[in-house]
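*Asks:* Here it is, the structure in full.
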């Protein structure tokens, strides 16, 4: 995977920890590209946690109306701003438990913030791409994100946890898509149990380099 995607990175646009957590909250059930189109005006208007806390629902919805579930996300961002102000002095905490107590922030978002923003590989981000491809590669038999994450943690070195997600996402967008797995042009196909037999290596089981 490293050879295939040497430059993989988080595709959300942000300049500080607050922008990262906001963008990641907005990315739920939405493409990163759509979020990146919405956030420049949002970030220009709301620069601090206090700004989000003081926003009206109507104004926030106006900034987010191009995104899926924009009403719920607007409510989450206002609540997020208030929680950051009240509990953390307006700063984004570098702590998994604290992050997951914030409005709109689940374990996936918390892992993104910790891994991408703080360089802390506490977990593995399990989004739709990771969930799909981990199953196709035979890395997990689980269906829910947290058990999938636990399976992946057993396979990945700590230093590989953050980049693994970025590479899997890039692979999911380019080759192993939700609509179809393009096994005929996938260099992982020889080792993939989900690939058609014609693409697999008929040899003894080999250890797959997942990162």
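Using the three backbone atoms N, Cα and C, a Cβ is placed for every residue, glycine included.
Sharing the record's features from TrEMBL:
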{"type": "BINDING", "residues": "176, 183, 186, 192", "note": "[4Fe-4S] cluster binding site"}
{"type": "DOMAIN", "residues": "26-174", "note": "domain 'HhH-GPD'"}
*Asks:* In the same chain, outside 176, 183, 186, 192, whose C-beta lies within 8 angstroms of the Cβ mean position for the [4Fe-4S] cluster site?
*Replies:* 136, 175, 181, 182, 188, 189, 194, 195, 199
*Asks:* If one looks at the chain holding residue 186 ([4Fe-4S] cluster binding site), which residues at least 6 apart in sequence have a CB under 8 angstroms from its CB?
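*Replies:* Listed in sequence order: 175, 176, 192, 195, 199.
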*Asks:* Within the chain of residue 183 ([4Fe-4S] cluster binding site), which residues six or more apart in sequence place their C-beta under 8 angstroms from its C-beta?
*Replies:* 189, 192, 195, 196, 199
*Asks:* How many helix, strand and coil residues does the domain 'HhH-GPD' (26-174) contain under DSSP?
*Replies:* 101 helix, 0 strand, 48 coil
*Asks:* Would you count the other C-beta atoms found within 10 angstroms of the C-beta of residue 176 ([4Fe-4S] cluster binding site) for me?
*Replies:* 23
*Asks:* Let me know the DSSP-derived helix, strand or coil state of residue 176 ([4Fe-4S] cluster binding site), please.
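*Replies:* Once the DSSP labels are grouped into three classes, residue 176 ([4Fe-4S] cluster binding site) ends up as strand.
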*Asks:* With every protein chain in view, what's the tally of Cβ atoms within 10 Å of the Cβ of residue 192 ([4Fe-4S] cluster binding site), excluding that atom itself?
*Replies:* 21
